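Report on one structure; see the data block that follows.
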């Protein structure tokens with residue numbers, strides 16, 4: 001028997017057709033398999049009832065590449081966090097965020113994260129490895145299966161730095177679009193910033209939204225909060241964002257987590273406005289998403305008072321910088337951005 005693409009999840013329509021033909025089956029069997037994997041979300045080839053029984057039995061032992069759900073936690077607002085177990089025993093987290101018109105999935109790109117941002121729970125757990133293509137796609141299918149509705153938006157804002165797993169993440173973006181049917185303009189890639197990688201991303205002919213996690217308006221403070229920033233001067237990062245917008249025609253969003261008494265003062269807002277005006281001088285669009293901090297047990301930072309948040313917005317708007325305060329979802333389910341954490345592992349008895 002010819003080698004089967006393993007895992008099946010992540011294989012393109014043409015690859016699955018070619019495999020079916022190599023098995024002595026008509027090409028449309030590969031098309032059927034593609035539909036059952038990406039649209040029906042099967043977990044085993046035994047579920048593909050349109051296949052001839054003999055052939056289904058011959059190939060049923062080959063893995064689709066789906067992860068198992070270890071834990072599911074639902075918040076009062078309907079946000080659901082999934083703890084997923086990978087084939088090698090590693091654990092990742094995925095968040096499904098529903099609204100009346102959208103279903104957004106916050107996907108992870110790595111097990112843990114090497115960036116070690118001082119305020120981030122994922123950064124505190126360290127880095128294990130990059131995720132593989134099927135492990136990223138599986139997160140979207142898991143949420144789609146659980147909610148019983150199509151995923152409309154995907155944000156790479158879960159565990160990990162996507163641009164440190166760039167090739168696989170770009171493969172995943174293309175597959176989300178071509179195989180699962182999610183528009184590229186409904187996909188957001190969030191990055192803290194990795195030298196030379198934003199320029200690389202701009203050359204990939206994608207139409208995704210780039211979200212850059214700034215979290216500070218000056219280099220000194222940013223290095224305190226994000227150790228890796230010492231290798232990527234803020235002025236260079238902003239210039240790379242400007243070049244990205246000019247090359248792709250896509251707006252860049254800037255993420256800014258507000259930490260009480262640390263980066264949320266009026267002087268910080270004015271510095272941030274001045275910084276971003278560098279990127280907007282050529283008429284390119286930019287937008288700031290302000291994220292009031294979600295407290296975690298691993299860090300001493302606090303959430304700012306709402307009046308402080310409103311004043312920060314006012315200062316930005318006075319300087320013609322558009323800003324939105326992001327609605328925090330899933331706080332009671334421990335699922336909001338920055339709260340992906342190892343609570344499950346800590347609940348297990350003994351040493352792991």
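Placement of Cβ uses the backbone N, Cα and C atoms for every residue, glycine included.
Contacts of residue 117 ([4Fe-4S] cluster binding site) defined by a Cβ separation under 8 A and a same-chain sequence distance of 6+ are given as 123, 192, 213, 215, 225, 226, 227, in order along the sequence. Residues or ranges marked as [4Fe-4S] cluster binding site in Swiss-Prot: 113, 117, 120.
Sequence annotations record features per position, and here Swiss-Prot assigns S-adenosyl-L-methionine binding site to 160, 161, 190, 213, 214, 215, 294. Look at residue 213 (S-adenosyl-L-methionine binding site): DSSP puts it in a strand. Residue environment of residue 213 (S-adenosyl-L-methionine binding site) contains 25 other Cβ atoms, counted within 10 Å of its Cβ in all protein chains.
Taken from Swiss-Prot, the feature disulfide bond applies to 106-337. In the three-state DSSP assignment, the secondary structure recorded for residue 106 (disulfide bond) is strand.
Annotation source Swiss-Prot lists domain 'Radical SAM core' at 99-332.
Cα distances from residue 161 (S-adenosyl-L-methionine binding site) to the recorded positions 106, 113, 120 are smallest for 113. In sequence order, 294 are the recorded positions from 106, 160, 190, 214, 294 with a C-alpha within 10 Å of the C-alpha of residue 120 ([4Fe-4S] cluster binding site). Considering only the residues assigned to S-adenosyl-L-methionine binding, 160, 161, 190, 213, 214, 215, 294, the longest pairwise Cα distance works out to 19 Å. Counting only the Cα atoms, the space from residue 214 (S-adenosyl-L-methionine binding site) to residue 113 ([4Fe-4S] cluster binding site) is about 17 angstrom. When Cβ atoms from all protein chains are considered, those within 10 Å of residue 120 ([4Fe-4S] cluster binding site) total 28, not counting its own.
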